[in-house]
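Below: one structure, written as structure tokens.
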Amino acid sequence: MATSTMALSSSTFAGKAVKLSPSSSEITGNGRVTMRKTATKAKPASSGSPWYGPDRVKYLGPFSGESPSYLTGEFPGDYGWDTAGLSADPETFAKNRELEVIHCRWAMLGALGCVFPELLARNGVKFGEAVWFKAGSQIFSEGGLDYLGNPSLVHAQSILAIWACQVVLMGAVEGYRIAGGPLGEVVDPLYPGGSFDPLGLADDPEAFAELKVKEIKNGRLAMFSMFGFFVQAIVTGKGPLENLADHLADPVNNNAWAFATNFVPGK
């Protein structure tokens, strides 16, 4: 996760831009609609955007120094920082950028899934185990796992069945995102649009470019959050909101330094 946070590229989108309308042959030739076409060269969303181009926001503001020549501000999330040279090779740049965006999306969903059930439980909503790393383990109990604490919804007793469902359902969605499906072909798997954008949020190019920046910024924060949730679970055995409540109640004794100096694995 930490590695993907530093990655800045996508194998399928590097060096490409959105073409808003398909050609007539795409519409009438084979009866299928292409979700989003790409051209050969990416074009900045707006000359006045603070997030793109040579005058974009940098990682240390006016103290950032000169950015590497290969970080031109063409892609969202490029703050001109690559101390380790991870993006120097164009193919690696493209691959890492795609990995980062996908991990960002998973991390945002994961962070919400870790916090929201615990938030509901702390406000009186009863639906079984709310702590994220404890909820899944209930499937190994004798009674199995009831989704939302209601056996009439989904009652799971087999981890293999859950795994198979995940593979089939998520595999189908990912396959559609990458290779297209009955609702249309996908040319840009990283930003497929079409059925993946039912609200039409990407219809306006400038708004779409800004949304890409918001996505990558929030996704990076979410990846760090998930890493923090993992560490908290191992060290304290509690959920993130319970840890936060403990810290606010007694910040002197409940903080990262106090746990780091007293942590003994297995206890």
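In case you wondered, yes, glycine gets a Cβ from its N, Cα and C as well.
Annotated features, as they stand in Swiss-Prot:
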- 1-35: transit peptide (TRANSIT)
- Arg36: N2-acetylarginine (MOD_RES)
- Thr38: phosphothreonine (MOD_RES)
- Tyr59: chlorophyll b 1 binding site (BINDING)
- Trp81, Ser87, Glu100, Arg220: chlorophyll a 1 binding site (BINDING)
- 101-121: transmembrane segment (TRANSMEM)
- His103: chlorophyll a 2 binding site (BINDING)
- Arg105, Val154, Leu183: chlorophyll b 2 binding site (BINDING)
- Gln138, Leu148, Glu215: chlorophyll a 3 binding site (BINDING)
- 153-173: transmembrane segment (TRANSMEM)
- Ser158, Glu174: chlorophyll b 3 binding site (BINDING)
- Gln166, Arg177: chlorophyll b 4 binding site (BINDING)
- Gln166, Phe263: chlorophyll b 5 binding site (BINDING)
- Lys214, Gln232: chlorophyll a 5 binding site (BINDING)
- Asn218: chlorophyll a 4 binding site (BINDING)
- 221-241: transmembrane segment (TRANSMEM)
- His247, Ala256: chlorophyll a 6 binding site (BINDING)
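Shown on the structure are the features that Swiss-Prot records.
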residue : record                       : Cβ contacts under 8 Å, 6 or more apart
Tyr59   : chlorophyll b 1 binding site : Tyr79, Gly80, Trp81
Leu148  : chlorophyll a 3 binding site : Phe127, Gly128
Gln166  : chlorophyll b 4 binding site : none
Arg177  : chlorophyll b 4 binding site : Val186, Pro189, Pro192, Phe196
Asn218  : chlorophyll a 4 binding site : Cys104, Met108
His247  : chlorophyll a 6 binding site : Asn254, Asn255
Ala256  : chlorophyll a 6 binding site : none
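The chlorophyll a 1 site in the record is lined by Trp81, Ser87, Glu100, Arg220, and its two most distant CA atoms lie 17 Å apart. Within the same chain, residues 139-140, 144-147 sit at least 6 positions outside the transmembrane segment (153-173) and bring their C-beta atoms closer than 8 Å to a C-beta of that stretch. The 10 Å shell around the Cβ of Glu174 (chlorophyll b 3 binding site) contains 12 further Cβ atoms across the protein chains shown. Distance noted between the C-alpha atoms of Ser87 (chlorophyll a 1 binding site) and Val154 (chlorophyll b 2 binding site) is 45 Å.
The Cβ neighbour count for Ser87 (chlorophyll a 1 binding site), using a 10 Å radius and every protein chain shown, is 22. With the fewest other C-beta atoms within 10 Å around its C-beta, Arg105 stands out among the binding-site residues His103, Arg105. Neighbour counts of Cβ atoms within 10 Å were compared for the binding-site residues Lys214, Arg220, and the top value is held by Arg220. Listed in sequence order, Ile139 are the same-chain residues at least 6 apart in sequence whose CB falls under 8 Å from the CB of Ser158 (chlorophyll b 3 binding site). Between the candidate binding-site residues, Glu100, Glu215, the densest Cβ environment within 10 Å is the one around Glu100. Taking Glu215 (chlorophyll a 3 binding site) as the reference point, the binding-site residues whose C-alpha atoms are within 10 Å of its C-alpha, out of Glu100, His103, Arg105, Val154, Glu174, Gln232, are Arg105. All protein chains included, Gln138 (chlorophyll a 3 binding site) registers 14 other Cβ atoms within 10 Å of its own Cβ. With respect to the residue listed as 'chlorophyll a 2 binding site', the closest of these binding-site residues in Cα terms is Arg220, chosen from Gln138, Val154, Glu174, Lys214, Arg220.
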